[in-house]
Structures are given as C-alpha cells and as structure tokens.
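*Asks:* Annotations for this protein, taken from TrEMBL, read as follows:
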{"type": "REPEAT", "residues": "62-104", "note": "repeat 'WD'"}
{"type": "REPEAT", "residues": "105-146", "note": "repeat 'WD'"}
{"type": "REPEAT", "residues": "279-320", "note": "repeat 'WD'"}
{"type": "REPEAT", "residues": "322-363", "note": "repeat 'WD'"}
{"type": "DOMAIN", "residues": "355-441", "note": "domain 'Sof1-like protein'"}
{"type": "COMPBIAS", "residues": "414-423", "note": "compositional bias 'Basic and acidic residues'"}
{"type": "REGION", "residues": "414-446", "note": "region 'Disordered'"}
{"type": "COMPBIAS", "residues": "436-446", "note": "compositional bias 'Basic and acidic residues'"}
Amino acid sequence: MKVKVISRNPDKYIRETKKDIPKTFRNYDPQLHPFQSSREYVRALNATKLERVFAKPFVGNLDGHKDGVAVLSKHPRKLSILASGSYDGEVKIWQVANKVAMASLDAHSGYCRGIAFSRDGTRVITIGDDKKIKFWDYEREQDESESIKPVNMIITKGMLVSLSHSYYGSAFATSGETCHIWDESRNEPLKELKWGVDMLQDVKFNPVETSLLAACASDRGIILYDQREGKPLRKVVMTLRSNQLSWNPMQAFCFTVANEDNNLYTYDTRSIAHPLKIHNGHVGPVTSVDYAPTGREFVSGSYDKTIRIFDAAKSNSREIYHTKRMQHVTCVNWSMDNKYVFSGSDEMNVRIWKANAAEKLGSLQMREKNAFNYNAALKEKYAAHPAIKRIAQHRQVPKTVYNEQAKLRTVQLKEKRKEENRRQNSKSGSVPYVAEAKKKVVRTEH
C-alpha cells in the first residue's frame with residue numbers, strides 16, 4: 001500500500017542564520033498584483049464617498065394645482081404621462097418629460113379620492129366625495145375655450161374613497177362602505193363584496209393574479225377578496241389602522257401595507273397570521289406606499305414630511321428624501337421604467353425624484369458605463385467594511401425627524417427594560433418572549 005505524504009524542502013523557507021533576509025513567497029504572475037486588495041479597498045472607499053457627493057435626488061416639480069395633491073396615478077403604457085388629483089376636485093394629466101399639464105379636468109365638487117387609467121390608457125376614471133364615478137377621454141381634441149366634459153358618469157349610493165383598475169380586462173373596483181366590482185361598459189356594479197366594516201380606506205388589484213384584491217378597513221383590518229367568489233376570503237386585524245396597500249408586482253402572494261404606527265408591514269397571503277417583515281424608520285404615520293416594477297424595492301410617504309425607499313427584504317430604508325418646503329406626503333408612485341419616484345404633498349406640488357440618488361441622467365459613454373459598473377462591483381464587495389458601511393448608510397435628516405427618532409428610541413428601550421424587569425420578578429414562564437411581528441396582529445378571520 002502506498003501512502004502519499006507532503007514533502008517539503010526546509011532549504012526553501014528556513015534561513016541558514018539569523019542575519020539572513022527572511023525568504024518570502026511571491027507569485028510572479030503579472031495579472032496578480034501584491035497590493036490588489038489594498039488598491040481595491042481605496043477605490044471602493046473613494047467610490048462610496050463620491051456617491052454621497054453626487055447624490056442629488058431632486059429632479060423637478062409639477063406645479064399648477066390650487067390645493068393639496070391627494071392622489072397620483074401612472075399611465076400603464078406611456079412612461080411620461082402622470083395623473084394627479086387634488087383636494088378641490090381638480091385632476092391634471094401631466095407630460096412629465098416637459099413638466100407641463102396636457103389636460104386639466106374640473107372633475108369633482110369635493111375631494112378627488114381616486115384616479116385610474118383604463119388598460120389601454122385612453123381613458124381616465126375618477127371618483128370623488130360627490131359620490132360620482134366619471135370617465136374622461138383626455139386625448140380628444142377640443143377648443144381651448146371649452147372645458148373637457150366626461151364621456152360617462154355614474155352616480156353611486158354611498159361614499160367612495162378608493163379606486164383600482166384591474167391589470168387585465170375592463171373591470172375596476174371601488175371601495176367605500178363596501179367593495180364594488182364594476183365594468184367600464186356598465187353603469188351598475190357587477191358584484192358587491194362586504195365584511196361588515198364601516199369603511200374600506202383603500203383597495204388594490206393584484207397585478208399577477210388579476211382576480212385577487214386586498215383592502216384596508218377602518219376597523220384596523222386587511223381584507224383579501226377574490227372577485228370570482230361571492231364573499232371575502234380572509235381578514236387580519238392589526239393593532240393600528242393601515243392607510244394604504246401595494247402588491248408586489250413580481251410575487252403574486254406578497255403585499256405591503258402602510259400603517260398608522262409609523263411602520264410598514266410586508267405580508268405573505270399564504271401565511272397571513274403575522275407579517276414577514278417590519279419596515280421601520282418613519283417617525284409619523286405612513287400614508288402611502290408603492291412598489292418598484294422590479295418588485296425588489298418600494299417607496300413610502302409619511303406624515304413626517306419625508307419619503308423613504310426600502311429594500312423589500314430589509315427592515316431599514318436605504319434612502320430618505322426631504323426638502324424644506326415639502327409638507328405632509330399624501331401619495332407616492334414609482335415610475336414604470338424604475339428610474340423615478342413621484343410624490344404629492346399638502347403644499348400643492350408633485351415632485352419628481354431619482355430612484356437612485358447618485359445616478360447620472362442622460363446618455364452615458366461606454367467608458368462611463370464601465371466605470372460605474374466597476375465602482376458598483378467594488379462597493380458591493382467591500383460593503384461590510386466598517387468605514388465604507390458608515391459612509392454609505394449615513395443620511396442627513398431634518399432636525400424634527402432626528403429629535404423624534406431619539407424620543408422613539410427612548411420609548412422602545414423603556415418598554416424593553418420594563419418587560420425584562422417584569423420577567424425577572426415573575427414566576428418562570430409567566431412572562432413569555434413574544435416576537436415583535438406577532439405583537440402587531442390582534443386576530444385573523446376566515
């Protein structure tokens with residue numbers, strides 16, 4: 001039997017005397033530089049610093065509303081068209097590239113509650129506090145002196161507070177005291193879905209499973225519907241009310257809700273008993289949320305006058321956007337080309353932001369593209385290094401937000417300390433450890 005052993009010649013690595021120069025091993029391959037990792041680290045550090053230097057996310061604003069912006073809706077097929085509705089009932093169709101209003105519709109006598117484009121994008125559907133559903137053909141040519149008239153109008157029996165169009169076909173849903181399913185060609189609802197709640201604040205169609213809907217109710221519940229069924233599917237009740245909801249466009253079973261307790265919660269419909277992930281960072285009630293078309297990120301707007309961009313799989317936000325003039329953010333939208341974020345707020349402006357704050361706009365030369373790709377790869381490789389991680393994560397926030405964050409941290413530490421003291425001074429097992437996600441759900445109903 002042969003036994004293979006490692007054999008080394010001591011003459012190759014042992015000095016003959018102490019005065020000899022220590023022998024070092026070196027790879028003479030010209031492709032491998034002895035200081036390659038050191039050089040790459042310095043380049044990654046510089047790239048991270050330059051990213052923060054060039055991070056200028058604000059692109060522009062669309063002004064023209066006479067009251068606060070309440071709702072936003074993006075065109076399903078054209079990247080440059082956006083619709084916005086305000087508190088005074090006015091609806092504007094914007095050409096975002098030129099920052100001009102294509103059409104101005106005197107839609108409702110009160111609050112404009114919802115806007116949706118038809119699937120082909122030729123019509124706009126609006127709802128308001130006047131209990132009317134109106135259909136508009138905004139592309140039709142008319143004299144400038146004449147105001148645009150709706151092509152159809154439906155007067156409903158109850159209040160309407162939210163509107164969502166199906167991603168397939170001509171169906172759309174409205175929510176108010178109940179959830180109604182409508183068809184663009186009919187003046188009566190096709191179906192009524194209700195679960196004995198006072199008001200449904202928001203309703204959204206699933207972009208993948210197009211017959212599924214989800215709604216946020218005034219009794220702190222989140223209700224799942226299937227328009228093929230005669231009644232709602234299931235319901236989960238949280239500790240505080242959810243304001244808005246958004247489905248993940250790439251995962252048919254995941255959705256995120258914006259809650260009154262300053263957090264956002266991502267749920268999986270297959271196991272709705274507790275949230276998959278809690279996204280924190282806001283210091284005021286979260287009013288709106290919308291997913292990126294990639295499904296990997298989402299944007300949220302809050303009453304604390306800031307916009308945050310979250311990674312769908314992480315708890316903390318990667319970006320925070322704010323300006324001195326921007327007030328309470330009421331609605332947010334992510335553009336279909338994954339490059340821009342739109343926000344509407346109380347002070348009558350629709351703002352345009354870059355989804356990637358340091359991205360260079362316009363056409364790039366091949367050398368620039370290669371340099372950006374190389375820097376991105378270096379930043380990803382050294383992302384866990386303390387110095388690079390600190391610079392990449394640091395953000396300047398308004399003083400009010402900074403002070404409120406400190407208060408919230410103090411409250412959370414106090415609650416944690418109090419619970420631990422109770423546990424130490426109680427019978428073993430009488431104060432169990434409860435996961436944070438399970439604390440947020442009161443009950444589930446089927």
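Glycine residues also receive a Cβ, built from the backbone N, Cα and C atoms like all the rest.
Keep in mind it's a predicted model, so treat the numbers as computed, not measured.
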*Asks:* Which residues of the chain, 6 or more past the ends of the repeat 'WD' (279-320), have a CB below 8 A from one of its CBs?
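*Replies:* Here the qualifying positions are 57, 243-251, 254, 256-266, 326-334, 336-338, 341, 343, 345, 353, 355, 357, 395, 397-398, 400-401, 404-405, 408.
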*Asks:* May I ask for the residues of the chain that lie six or more residues beyond the repeat 'WD' (62-104) and have a Cβ under 8 Å from a Cβ within it?
*Replies:* 110-117, 119-121, 124, 126, 128-130, 136, 138, 148, 327, 330-333, 335-337, 340, 342-352
*Asks:* Which bits of the chain, at least 6 residues beyond where the repeat 'WD' (105-146) starts or stops, bring a Cβ under 8 A of a Cβ in it?
*Replies:* 70-78, 81, 83-93, 152-170, 172, 174, 182, 184
*Asks:* From the DSSP assignment alone, can you count helix, strand and coil residues within the repeat 'WD' (322-363)?
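*Replies:* Counts, helix then strand then coil: 0 helix, 18 strand, 24 coil.
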*Asks:* What are the DSSP helix/strand/coil residue counts across the repeat 'WD' (105-146)?
*Replies:* 0 helix, 18 strand, 24 coil
*Asks:* Residue counts in helix (H, G, I), strand (E, B) and coil for the region 'Disordered' (414-446), per DSSP?
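*Replies:* When I sort the residues of the region 'Disordered' (414-446) into the three classes, I find 15 helix, 5 strand, 13 coil.
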